[in-house]
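A.B. asks: Let me give you the structure first, and then I'll get to my questions.
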Amino acid sequence: MQQQVVIVVSRSVIRFFMIFKPGLDDCMIIGALLFTIAYQATIYIIKVHGGMGMPIMTLSSGEMTTFLKGTFAIEIFYYTIVFCVKSSIIFMYQRFAIWATFKRLCIATNVLLVTFYIACIAATLGQCAPLEKAWDVTRMLPGKCINTTAFFYFTSGFNIITDFWILLLPIPTLRSLKISRHSRYVLYGIFGIGSFATAMSCVRLYSIHIYTLAEDPFKDGVLVNLWSMVEVNIAIICASIPALKPLVAPRKLLNERRQRRGYSSHITEPLSHRPSKTSRFSSTTSRTHIATMGSPNRVSSPRSFVAGEETSGLSLPLQTL
């Protein structure tokens with residue numbers, strides 16, 4: 001867990017305070033980290049007070065209720081973390097979306113992720129009617145529940161499919177970039193790191209299969225929670241590694257900081273220190289008048305004068321940027 005905190009904090013420092021280019025991708029990954037901390041705290045609670053990993057025969061009804069309530073909270077945290085991480089990656093893609101088609105695909109993917117996330121939360125909150133039946137260990141409370149096993153299989157399968165889609169989505173754009181072959185392979189490697197998170201999703205799906213076949217869910221619930229935690233932690237790391245590139249390219253980081261500072265100093269420069277449009281007009285008129293007097297055969301046309309004034313007006317901002 002410490003690695004994820006260090007990586008996300010480093011990413012936030014780079015984006016917010018060093019290159020001054022924060023975005024929605026950074027906000028989403030910070031949200032994913034916060035919910036991961038809540039996830040781990042809940043696991044600790046059900047481990048200590050809910051008897052996770054212990055045989056069902058050794059648990060009291062209160063401990064089993066705590067375990068089931070904690071599992072309910074974990075479902076909410078898990079779907080939120082996965083959504084935040086994937087949405088963060090899509091927002092990162094939009095940073096270099098140079099083609100309209102690629103940008104539209106990113107927007108459509110994010111809409112799909114939001115829709116799926118809302119559906120997962122709604123299904124989790126409404127898995128039983130009344131909801132208290134989800135942690136009723138006595139099974140005496142009247143009501144009904146959905147088939148949670150089928151629901152877990154569906155959500156896990158959908159997450160794996162979207163993992164592959166997100167991995168393949170930027171490849172056409174990366175191939176179209178006019179960069180060296182070495183740089184292109186480096187980018188492939190950076191974005192391909194996400195395949196580790198996809199592999200963990202597959203392992204988690206297998207652990208769900210084992211969990212659904214278990215005779216004692218309280219004792220065998222450790223495995224599925226373990227792989228779920230591994231999956232979300234690796235996903236956060238994989239989503240943050242591309243943002244850490246300035247750390248291995250300090251010259252680029254320094255140039256970006258200089259550009260941002262230069263732009264800021266130009267914007268915040270007092271108006272009294274900037275040449276006014278009238279002064280540039282007068283200066284250009286004087287130079288044109290002198291040149292005309294020095295060269296009798298030269299004619300200063302209004303068109304050439306306007307062009308000279310426009311060029312003079314654009315030179316300062318371009319040099320400042």
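From the backbone N, Cα and C atoms, a Cβ is placed for every residue, glycine too.
When I checked TrEMBL for this same protein, it listed these features:
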COMPBIAS  278-288  compositional bias 'Low complexity'
COMPBIAS  294-303  compositional bias 'Polar residues'
COMPBIAS  312-321  compositional bias 'Polar residues'
DOMAIN    11-248  domain 'Rhodopsin'
REGION    264-321  region 'Disordered'
TRANSMEM  27-46  transmembrane segment
TRANSMEM  66-93  transmembrane segment
TRANSMEM  105-125  transmembrane segment
TRANSMEM  150-173  transmembrane segment
TRANSMEM  185-206  transmembrane segment
TRANSMEM  226-248  transmembrane segment
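Describe the structural context of these features.
C.D. replies: Outside the transmembrane segment (66-93), and at least 6 residues removed from its termini, the chain residues within Cβ reach (under 8 Å) are 23-26, 28-29, 31-32, 35-36, 38-39, 42-43, 45-46, 49-52, 59, 102, 106, 109-110, 113-114, 116-117, 120-121, 124, 134-135, 137, 155, 159, 162-163, 166, 169-170, 194, 197, 218, 221, 225, 228, 232, 235-236, 239, 242-243.
Long-range neighbours of the transmembrane segment (150-173) within the same chain, counting only residues 6 or more positions beyond its ends whose Cβ lies under 8 Å from a Cβ of the stretch, are 79, 82, 86, 89-90, 93, 96-99, 102, 105-106, 109, 112-113, 116, 120, 123, 127, 188, 191-192, 194-195, 197-198, 201-202, 204-205, 208, 212.
If you look at the transmembrane segment (185-206), the same-chain residues 6 or more away from its ends with a CB under 8 A from one of its CBs are 85, 89, 153, 156-157, 159-160, 163-164, 166-167, 170-171, 174, 177, 179, 224, 227-228, 230-231, 234-235, 238-239, 241-242, 245.
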A.B. asks: The transmembrane segment (105-125): which same-chain residues, six or more beyond its ends, come within Cβ distance under 8 Å?
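C.D. replies: That would be 72, 75-76, 79-80, 83, 86-87, 90-91, 93-94, 97, 131, 146, 151, 155, 158, 162, 165-166, 169.
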